[in-house]
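Following: one structure in structure tokens, then a few remarks.
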Ligand SMILES: Nc1ncnc2c1ncn2[C@@H]1O[C@H](COP(=O)(O)OS(=O)(=O)O)[C@@H](OP(=O)(O)O)[C@H]1O
Ligand SMILES: Nc1ncnc2c1ncn2[C@@H]1O[C@H](COP(=O)(O)OP(=O)(O)O)[C@@H](O)[C@H]1O
């Protein structure tokens, strides 16, 4: 059975007409040789989202998969450059990224989306947008003490000095997932092992097939 949703009349705006594409998502996936899916990396700043997402993207690309990567810092330079870090802007940030991720999945790609995405409700909202089983939450679980020690961009130092307000984990909340599909502890594993944990999940769940 197709996991893709049928849009009902109630869900459509009455004045905007939905056009069915002549190439279906299933046909795109068949051409690609794998399912479309979003790997949704969530975690504190400095937890390792970008590092692990890039390693996974490279491993998938090397296997011949069609992939794309969306990263917080980069998207905030373009699509979301009008947004800041108060709660309302973070919610809108994640809503837009969720919609973009959904388009990539519709195109049959495996998208690695790496955003702090601190609120449970927003991650649930993105999950609900995607066809069933195509949203894979990847919790990059790194204690804040380690993130702060790493401080790859010097942001914790600035936040502690009061130069950055609303910094996640310091004066803005991070709500950890309690049932993520993949739970990665970067303080205990190498980057390669973390990435392999994701690849193994995808193999075990038939999202990609063994080479
Ligand atoms: N106040 C504050 N809090 C957290 N992060 C901050 C802040 N200001 C700037 N930055 C930088 O922005 C990156 C996070 O952007 P995201 O789009 O992932 O954030 S969110 O999902 O909307 O919460 C984040 O990137 P990562 O360190 O890769 O997580 C930071 O580099
Ligand atoms: N196992 C690991 N997984 C991911 N990052 C790690 C790991 N071990 C050390 N690091 C380091 O931690 C930092 C994580 O930074 P980054 O990937 O930019 O985090 P984020 O995108 O969550 O802000 C990098 O400097 C990276 O080299």
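Placed from the backbone N, Cα and C atoms, the Cβ positions cover glycine too.
Keep in mind that this is a model prediction, so the values were computed, not measured.
The domain 'APS kinase' feature in TrEMBL is assigned to 35-185.
According to TrEMBL, the feature ATP binding site maps to 43, 44, 45, 46, 47, 48, 49, 50. Sequence-distant neighbours of residue 44 (ATP binding site) (same chain, six or more apart, CB under 8 Å from its CB) are 116, 140, 142, 144, 147, 168, 169, 174, listed in sequence order. DSSP gives residue 44 (ATP binding site) a coil state; it is part of no helix or strand.
What TrEMBL lists as active site, phosphoserine intermediate is 117. Listed in sequence order, the residues of the same chain lying 6 or more apart from residue 117 (active site, phosphoserine intermediate) and placing their CB within less than 8 Å of its CB are 40, 42, 94, 123, 126.
Here the binding-site residues are 45, 50, and the one with the most other Cβ atoms within 10 Å of its Cβ is 45. Proximity to ligand 1 at the level of Cβ atoms, with a cut-off under 6 angstroms, picks out 45, 50, 117 from the recorded positions 45, 47, 50, 117. Look at residue 49 (ATP binding site): DSSP puts it in a helix.
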